[in-house]
Amino acid sequence: MAEKGDCIASVYGYDLGGRFVDFQPLGFGVNGLVLSAVDSRACRKVAVKKIALSDARSMKHALREIKIIRRLDHDNIVKVYEVLGPKGTDLQGELFKFSVAYIVQEYMETDLARLLEQGTLAEEHAKLFMYQLLRGLKYIHSANVLHRDLKPANIFISTEDLVLKIGDFGLARIVDQHYSHKGYLSEGLVTKWYRSPRLLLSPNNYTKAIDMWAAGCILAEMLTGRMLFAGAHELEQMQLILETIPVIREEDKDELLRVMPSFVSSTWEVKRPLRKLLPEVNSEAIDFLEKILTFNPMDRLTAEMGLQHPYMSPYSCPEDEPTSQHPFRIEDEIDDIVLMAANQSQLSNWDTCSSRYPVSLSSDLEWRPDRCQDASEVQRDPRAGSAPLAEDVQVDPRKDSHSSSERFLEQSHSSMERAFEADYGRSCDYKVGSPSYLDKLLWRDNKPHHYSEPKLILDLSHWKQAAGAPPTATGLADTGAREDEPASLFLEIAQWVKSTQGGPEHASPPADDPERRLSASPPGRPAPVDGGASPQFDLDVFISRALKLCTKPEDLPDNKLGDLNGACIPEHPGDLVQTEAFSKERW
C-alpha cells in the first residue's frame, strides 16, 4: 500500500521527503491538486494541497491564500497544520525562491456536494449545517475576508459528529470594510449557480453579501436536493433569478431596464416566488430564505443577523459565536495590489518583480511551531473543492452524476498540468470574462442575439442604422407579388453560392446569346431578362430586402420571408427590376 501511495505521489509531482506516506487522490482545490496522506511524524491522516508557483498569477493566489489561512482559527474552518516547501522543508522567508508549496491541512471525510448526490438531507440536518455555515461566515467576515467561492464542494462534513467546516480559500480576498473598493476588486469568482444578481451585473463591485447569497442557495439545495438557480450561462442565471426574486429598489430597476429590458416584467411581479418554487419547504424556512436571497445586497441579512433569525433559534448561542480578534486591515491589501500589478507583466519580467519586492510577505510566510502555539489566530484552511480556477476563468462545480473524487479517479494524468486540463472538462465550458457577459450582449428589438443564431443575421443586424429610405414602389410591388411563396434565407444563399462556384462562365450569360446580350438601356436600368432560364440571385436586392426585415420591430411570420425571395429574379421577358437604381437609392 505504501509503495502504491509513493507511486501516486511521484506521478503528480509530490516531493515531501519520507515523512508523508500512503498518498491517495482527493480532488482539486482552486489553486492546486489535493492528495490525502498519512503524516508519520504526527500519526494522523492529512490532506496535502500542492500549489505550483510558476508565474505571477499563481504566486499572487498562493501568497493571498497562505496569508489568509494563517490567521483564521475557528471551529467551522478547516485547520491548516503547516506550510512546507520542496522536499518537506519549512517554508520560511521569501516564497519567490520556491517553485512549489504544500499546504498540510486537516483531513475531512466528505463534502456537502457528495452528501447531496446521495439525496435530500433531513430538514434538521440542513438546519444544523446552515447554522454552522453562518457561524463560520460570521468569523470570516469579521476578519474582513470574503470567501468568494462558497459552494457545496467547498463545505466539508464530518459524518461522525456532524461538524461542518468551510474550506478552500484559494479565491478568498481581504476587503477592509472601512474603505471603498469600487473599481479595485478583481472579478467576483463565485461559481455562477451561487452568484448573486449584483455580481452578475457588476462583477467588479461587491461586498461580503455575495457569500450570504451563496449560503442561501446552499440552504435551498440542502432542503430540496436540487440547485435553486441552475442557469446554463450568466444570462439564463439572471433570468431565473428575476423570475423568483423581487426587485424593489428603483436603482436596481433602472439598471435592469438599461441592461436587459426584455427580461423584466412591466409590473415587476415575479412569476414563481420562493413559496411556489419550493413547495416542499416550510414557511419558516421560506421566510429565512426570502431575507437572505434579496436582489439588492443592502437588504440582505448578514451572517450575524442570520444567526439571530427564528429559523436558527434551536442552535443559536451568541456567546459561542466568536469573531476575529485580529481582522485584516487596508495595509494587508497593499501586497495584493503590488502582485496584481506584477500580474499584468509578462512572465519574463517576474524575476525583476520578485527582486523589487523581496520581503513583502516574508514575515507571514514563516511557519514556526512556537508561533502557532502563541498566536490567537492560526492558519486554518480546507483540503479543497472540485475544480481548478484561474482568476479570469469560472469553472462550474460538480456534475450531477459523480462526485469530484470519483471523476478524479476515473482520469489518469502524467502531470499536474494534465490534471488541470482534464478537470476543466467537468465544467459547462462556459468562460466568464470581465466585464460581465450581460454587458457584451447585442440588444435589438428587445431580444438578445443568442450565440446559436446564424452569423449572417448577426452581421446584417449591424447595418440597421445604415438603412435609410424605404424601398422603391417597384421593389415593393415586386416583393408583394411573392409574399405567399415559401422561402428560405439560407437556400437563397446556397443557390447563389452554387451558381458562382462553377466559374465565371456559369455566373454570367454566354456572350453569343442574343437574348442575353446587354441592351443599350439607360443608366440605372438593367437589361430585360429571359423567362425561360432559371432564376438568378441578385445580392444587392437580397441585402436590401434583408435590411427591410431587420428594421421591423415586430416578429415576422414565416410567410414574410417571401420578401427575400424577390432577390432571386425570375427571368420573364419585359419584367424589369430596377436593381441598380434601387440599390443606389437604398444606400
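The backbone N, Cα and C atoms fix where each Cβ goes, glycine too.
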Candidate annotated in Swiss-Prot as phosphoserine, out of Ser434, Ser534: Ser434
Range annotated as motif 'FRIEDE motif' in Swiss-Prot, from 304-309, 328-333, 460-465, 526-531: 328-333
Record-annotated phosphoserine (source Swiss-Prot) among candidates Ser186, Ser412, Ser452, Ser583: Ser186
Top Cα neighbour of Asp149 (active site, proton acceptor) in the set of binding-site residues Leu26, Phe28, Val34: Phe28
For the binding-site residues Leu26, Val34, the one whose C-beta sees the most other C-beta atoms within 10 angstroms: Val34
Number of Cβ atoms other than its own within 10 Å, given for Phe28 (ATP binding site): 30
